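Presented below is the structure to which this report refers.
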Amino acid sequence: MEQKPSTLDPLSEPEDTRWLDGKRKRKSSQCLVKSSMSGYIPSYLDKDEQCVVCGDKATGYHYRCITCEGCKGFFRRTIQKNLHPTYSCKYDGCCVIDKITRNQCQLCRFKKCISVGMAMDLVLDDSKRVAKRKLIEENRERRRKEEMIKSLQHRPSPSAEEWELIHVVTEAHRSTNAQGSHWKQKRKFLPEDIGQSPMASMPDGDKVDLEAFSEFTKIITPAITRVVDFAKKLPMFSELPCEDQIILLKGCCMEIMSLRAAVRYDPESETLTLSGEMAVKREQLKNGGLGVVSDAIFDLGKSLSAFNLDDTEVALLQAVLLMSSDRTGLICVDKIEKCQETYLLAFEHYINYRKHNIPHFWPKLLMKVTDLRMIGACHASRFLHMKVECPTELFPPLFLEVFEDQEV
């Protein structure tokens, strides 16, 4: 005999009962969600303050009265669309308005809105509402600018000690930067026929124009010498052991030379001026041995042209690149790191003093340090290919001394 399922077993509930129960649960959960999403209540309202129109929970001061969102919206729509002349009441305007009955009689609800003091003249039409919103946005933007100016005013400028350091670094750069501010007048353009006829094939598919490569090697030795002279003029660098000085110089040399070329990018002729004297186009530098490194330096030059860097900012960038404590084989890592931090802090304070108009200027400028480090790493890899493909006699001794045995 088949046993009937027990009515106490929850699994044996009739299907329609389970469906109704599920519906009730969904409705209950929806109510919980709705209640948890209730709007912001201003601090000037007492706890559980009621709407003066219907008695529901008030959300703020609307049209001169404390009301709920529902009555606020009803009153606004009525005035904006001029609906009140169309309202009527089945009970001679004697309805009691509360949160249950408020939607049953529009006329009595509107009359109560007026009787409790809601002001019709405070309801804006579409054009006034747009104008008000625009005014709010303008005020917001004005406050934002005022706060930004205030924050800029409170950013520290360099201290007396930092100004002294900044002066030393700037002079070190100026005295070792070929042609100085007169580079445009003194530069000579590399003839266009040089660097356009690649001869030696490189392993990565690029080719080297040996004539262009030969031209570049003529200016590389004095360019390297000037970077070394710049470093020696910095007191913090001179205090380091010779072994660390050599590692730091080998690590930063290409980065600093690239920076010095990049800040001499000319958008009109689309050239970089190398070592303050030789203006070259992108393809010439690329075919002359640098390959994709050429693209990176030109791209850096184009982006830096918007920064309008002065000599001091270029000098401090070089000092930060020089004092990189993550170079392999260093002895005085902590000391070098502290030196770089000193330069960075003076640099940041100088940026505050300069008051550039570019938003977030300081972090954007620091990103260029990363770009220059990447250029240095790419050149180290490229140098290995050049050594294989180009005749050894074309490499100046100082060029080999600096770039050989670099970590790739």
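Glycine is no exception: its Cβ is also placed from the backbone N, Cα and C atoms.
Worth saying up front: this structure is predicted, and the values here are computed from it rather than measured.
Swiss-Prot has this to say about the protein:
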type	residues	note
DNA_BIND	51-125	DNA-binding region
BINDING	R226, S275	3,3',5-triiodo-L-thyronine binding site
MOD_RES	S12	phosphoserine
MOD_RES	S28	phosphoserine
REGION	1-22	region 'Disordered'
REGION	1-50	region 'Modulating'
ZN_FING	51-71	zinc finger
ZN_FING	89-113	zinc finger
Check the zinc finger (89-113) for me and report the mean pLDDT.
95
Are there any residues in the same chain, six or more apart in sequence, whose C-beta is under 8 angstroms from the C-beta of R226 (3,3',5-triiodo-L-thyronine binding site), and if so which?
T176, N177, A178, S275
With DSSP, how much of the zinc finger (51-71) is helix, how much strand and how much coil, in residues?
3 helix, 7 strand, 11 coil
Please work out the helix, strand and coil residue numbers for the zinc finger (89-113) from the DSSP assignment.
8 helix, 0 strand, 17 coil
Give me the count of other Cβ atoms within 10 A of the Cβ belonging to S275 (3,3',5-triiodo-L-thyronine binding site).
23
